[in-house]
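Now, the feature entries from TrEMBL:
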type	residues	note
REPEAT	108-142	repeat 'PPR'
REPEAT	143-177	repeat 'PPR'
REPEAT	179-213	repeat 'PPR'
REPEAT	214-248	repeat 'PPR'
REPEAT	249-283	repeat 'PPR'
REPEAT	284-318	repeat 'PPR'
REPEAT	319-353	repeat 'PPR'
REPEAT	389-423	repeat 'PPR'
REPEAT	424-458	repeat 'PPR'
REPEAT	459-493	repeat 'PPR'
REPEAT	494-528	repeat 'PPR'
REPEAT	529-563	repeat 'PPR'
Amino acid sequence: MAFLATLWRSTPLLWRLSGTKHHFSSTSIHNPIPQYHIKLQELLRDKCKSGFTNEQDALVLFDKMLHMKPPPTDIHFAQLLTALVKMKHSSLVLSLFREMRALDIPVNIFAFNTVINCCCHLNRLDYAFSLLGGIIKSGIVPDVCTYSTLIKGLISQDNAVEAESLFKKLVTFNIIQPNVVTYTTIIDGLCKKGHTYMAVTLFKYMQRKGCKPNIVTYNVLIDSLCKDGLVDHALGLFSKMNEKGIAPDVRTFNSLIQGLCNFSRWADSLGLLREMNSRNVSPDMHTFSILVDAYGKEGMIKDAEDVIEFMIQKGFYPDVVTYSSLMDGYCLRGEVDEALAVLTTLKRKGILPDTRSYNILINGYCKKSKVDRAIDLFQQMPHEGLTPTIQTYNTILHGFFHLGRDVEAQKFYEKMLDEGLKLNMFTCNTMLDGFFKNRYVDEALSLFHQMQCNGLSPHIHTYSILIDGLCKNGKLEKARSLFDSLPSKGLRPNVKTYTMMIRGLCQGGLLDEAKKLFREVEANDCLLDSGIYNSLIRGCFYNKKYKEAVVLIDEMRARDFSADASTTSMLLDLLESKEQDCDLLALRERFLP
């Protein structure tokens, strides 16, 4: 702040004391540049890169700039706003900009673009577009950056169709000449909002218009395609990229390797690693983390450990993310004590475990029905400077209910509320499922009502839990009423919802209604699966409709579905029974030699 003090002392007293409105102009840039203007520009150039230490320093400087004589130029003020953007103070940028306009401080296109960008970050598209009008009224011509920022803002607000329409109009009427940066910015925005198809369409359009994509454009699209599970499409784009002489970088390879590992395509991912080596593209920490995580999820612990050993040889040191992925791999194999040993190793190496490390272990112990050990780890977290997350609580709640320790689950749930944690849908679904499984029907319905009162919008999975729980607790009519109300709530039943309702109807002796609902599934654009067939077949057995069960078994086999353990067990019991039913006798002849 020493330089700010120098600036303040060099400012005429009259300016410091004056409270009047000052009028600025850009004409001063044609006069000899004062020394302190040069120093100011140096300071602002530095702050554009690093940001101010705090916002108060920026405000002090802004105030001093208002009182300089001759006044700073529009470039200086634009740089100040840029420095505040660096600090992520979008609201403050808007406030200072309004004050600048009120004081008639000249504003250039760069400042306008900076403020428009802040409006988009603050979800104030209305103000952003009003600024576009302000630019035109000021006699300034909006540039490519202006429109690109507005288009990206529309995309961020899920107005992709409007964004596409605006872009096409701008190009059609030659208002802008988009370059590769413009196209890539918009493609990136579309990909981040999940509009990969639209991004690919724009990618093809830019090539037709003669604009050549660069490595950044390809990386954005390849990454988005891989995240959408379209790995072969991404590999096709990778090949075209090579054909056009654009060399892939480590980000390109990382996206593809991650995509291939997600589908357990180990041979292809190893082929890419070899290609990286042949192209002298060095793997980075993220490359190794992808492999460790992928091998761990497949239970291939030896391979994961080999990757860690190799990365150390290459001069990379495993971090908490790497070790947590290894712990996750051990837990997925049920080897939770080995995962705990990794945590001990991690601490011994001076690497601090994070919340994810503990959540992995807690989940592992809960799955092994060792909830008390999970609680020990939960209580240890604060001593490590870690705060349990909603995921931590959800995992332990599920573990308690799974073991039938419903009283402890409810106490833990109350503790969670006392801690001030905001409930999410997973918490509520876990509690609902646990209440129903332990026959706390009234408590479950009360929680469901509370969810709605608190503004949580239950999705179809929540309703499926309710329907299943009500059916299993003898509340078939309530379940039917809830199922029938789904369309009015804007929800469409999925195959699990149908399966639960059909199972409940069968157990309630309403087989004809269950069969009618079964035939409606595909008519409502919902694919049948093995589970729904097995539920209806068992319903036929339960209601002694053996002939109808045989028809369904043949239909199920024709669709390449098979009987599950419960259906098979029930069928074997029927075949061994002494009941003299003609349809059952036909069933015996069908399935017994």
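Just so it is clear, glycine is given a Cβ too, placed from its N, Cα and C backbone atoms.
The shown structure was predicted, so the numbers you read here are calculated from the model rather than taken from an experiment.
Across all of the repeat 'PPR' (494-528), the predicted model scores a mean pLDDT of 91. The helix, strand and coil residue counts that DSSP assigns across the repeat 'PPR' (284-318) are 26 helix, 0 strand, 9 coil. Long-range neighbours of the repeat 'PPR' (179-213) within the same chain, counting only residues 6 or more positions beyond its ends whose Cβ lies under 8 Å from a Cβ of the stretch, are 144, 148, 151-152, 155-156, 158, 160, 163-164, 167, 171, 220-221, 223-225, 228, 230, 244, 246. Remote same-chain residues near the repeat 'PPR' (459-493) are listed as 425, 428-429, 432-433, 435-437, 439, 441, 444, 448, 451, 500-501, 503-505, 507-508, 510, 524, 526 (criterion: CB distance under 8 Å, separation of at least six residues from the stretch ends). Residues of the same chain lying 6 or more positions beyond the ends of the repeat 'PPR' (143-177) and with a Cβ under 8 Å from any Cβ of it are 109, 112-113, 116-117, 119-120, 123, 125, 128-129, 132, 135, 185-186, 189-190, 192-193, 195, 198, 202, 209.
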